[in-house]
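Undergrad: Positions annotated as signal peptide by TrEMBL: 1-22. Residues annotated as disulfide bond in TrEMBL: C33-C111, C66-C71, C117-C315, C196-C222. The site 'Transition state stabilizer' annotation in TrEMBL covers R60. The Ca(2+) 1 binding site annotation in TrEMBL covers D65, V68, G70, D72, S74. Marked as substrate binding site by TrEMBL: P158. According to TrEMBL, the heme b binding site annotation covers H189. Residues annotated as Ca(2+) 2 binding site in TrEMBL: T190, D235, D243.
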Amino acid sequence: MITTATFLVLFIANGQLSLSKAQLHVGFYSKTCPSAESIVRKVVQQAVTRDPGSAAVLLRLHFHDCFVEGCDGSILIKHVVNNDERFAAGNAGVGGFDVIDGAKSELERLCPGVVSCADIVALAARDAVVAAKGPFYDVPTGRRDGQTAEKSNAANLPDVEDSINTLKSKFREKGLSDLDLVLLSAGAHTIGTTACFFVVPRLDAKDPTINPEFFQVLRSKCPQGGDVNVRIPLDWESQFVFDDQIFRNIRNGKGVILSDSVLYQDNNMKQMIDSYVVTNGSSKASFATDFAKAMVKMGSIGVKIGIKGEIRRICNATN
Ligand code: HEM
């Protein structure tokens, strides 16, 4: 005979089973908000048309979201006091919040309380990559939004001056391999810009790994005592196009920030970088395909699914 207690146990066990099975999947909103992905795409395309630089900004936003408390949109939260994650030193220059807010308000009109801000960030990063002529990839969705956003949680973000071993271990802590580090950090820097702030210390220290001619170019853009907020391309030859040029640059001593250049000092990573450089029309590995895989991996870091977290009504505040 099944008593109420047995039924409850069965029910809970079943609940736990389905919870443990809960995971991100492609097309999570196909029934609950069928136009979710197309709306995000449209908003991103409009933003990139207005300002081609916003593709890089949106890609970076996803990284900075995922590396603190998982991909849960916590970076979007903004309280009155500046004590939120987004104001941490390691998040300086991170942006794209207005684009995410714009997509969210359209989605709230259409399907209120359904699409998470964390998913909008992940989809927007993919659409930004596509807008920069990078690969399209399916984004598994179903993330829920985090309910905390402490500045102190962002203290351990990868830093431009971290040693190669520190960078590797910061990625490993998130379940990402050395190859993911190459693809996601150096690879993503195929688009976008950096403030001179991150370049000047390298120049002042006369970093010997910088190609001498390129050193002069960088020095002229980021002079000693100059404005450190001036922005220069991370991928010198093709800042708006998602391509393998960044790897050629790193190989030739033309990496702009230290954390990109330092990868080439490691034998394994050197080989990985070389494998993505297209010579005679082909390369041993496909940067586009591998980058897409690494993005999906990064997008699953510490996600809140099932009954965890919430679906925020607006992205810059918890409900
Ligand atoms: C080793 C880890 C990483 C370090 C140390 C690092 C460091 C930096 C720095 C210093 C900047 C310039 C910021 C500014 O001046 O506003 C930057 C920009 C950027 N980062 Fe990274 N990054 C890392 C990994 C990543 C990853 C994993 C992604 C994405 C998958 C990414 C995407 C970008 C993009 C697209 C930009 C350009 C942003 C813009 O144009 O505003 N980075 N990164």
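Using the three backbone atoms N, Cα and C, a Cβ is placed for every residue, glycine included.
Heads up, TrEMBL stuff is auto-annotated, nobody curated it.
Map the listed features onto the structure and describe their local environment.
TA: Take the CB of C33 (disulfide bond) and look out to 10 A: across all protein chains shown you find 17 other CB atoms. According to DSSP, C33 (disulfide bond) is assigned to coil rather than to any helix or strand.
Sequence-distant neighbours of R60 (site 'Transition state stabilizer') (same chain, 6+ residues apart, CB-CB distance under 8 A): V94, G96, A188, G192. In this structure, R60 (site 'Transition state stabilizer') is part of a helix by DSSP.
Proximity of G70 (Ca(2+) 1 binding site) to non-local residues of its own chain (separation of 6 or more, Cβ distance below 8 Å) is seen for G146, I301, G302, V303, K304, given in sequence order.
C66 (disulfide bond) falls within a helical segment according to DSSP. For C66 (disulfide bond), applying a Cβ distance below 8 Å and a minimum sequence separation of six or more within one chain yields K174, M298, G299, I301, G302.
Mapped onto three states, the DSSP output places C315 (disulfide bond) in coil.
With a cut-off of 8 Å between CB atoms and residues at least 6 apart in sequence, the same chain places F67, T166, L167, K170, F171, S185, S259 near P158 (substrate binding site), listed in sequence order.
In three-state terms derived from DSSP, H189 (heme b binding site) belongs to neither a helical nor a strand segment and is classed as coil. Taking all protein chains in view, 26 other C-beta atoms sit within 10 angstroms of the C-beta of H189 (heme b binding site).
Within 10 Å of the C-beta of C222 (disulfide bond) we count 24 further C-beta atoms, all protein chains included.
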Undergrad: Cβ under 6 Å from an atom of ligand 1: which of these recorded positions qualify? The list is R60, D65, C71, D72, P158, T190.
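TA: Passing the 6 Å Cβ check against ligand 1: R60, P158.
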Undergrad: Among C117, C196, the disulfide-bonded residues in question, whose Cβ has the most other Cβ atoms within 10 Å in this structure?
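TA: Its Cβ has the most other Cβ atoms within 10 Å: C117.
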Undergrad: Find the shortest Cα-Cα separation between D243 (Ca(2+) 2 binding site) and the recorded positions C33, C71, D72, C117, C315, and name the residue that gives it.
TA: C71
Undergrad: Near D72 (Ca(2+) 1 binding site), which residues of its own chain have a C-beta under 8 A away, given they sit six or more steps off in sequence?
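TA: The answer is D65, A118, R143, R144, D145, G146, G302, V303, K304, G309.
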Undergrad: Starting from the Cα of C117 (disulfide bond), work out which of the binding-site residues (V68, S74, H189, T190, D235) are within 10 Å.
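TA: Of everything listed, what lies within 10 Å of C117 (disulfide bond) (Cα to Cα) is S74.
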Undergrad: Which chain neighbours of the Ca(2+) 1 site, leaving out D65, V68, G70, D72, S74, have a Cβ atom within 8 Å of the mean position of the site's Cβ atoms?
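TA: Sorted by sequence, the hits are C66, F67, E69, C71, G73, I75, E85, A118, G146, A149, G302.
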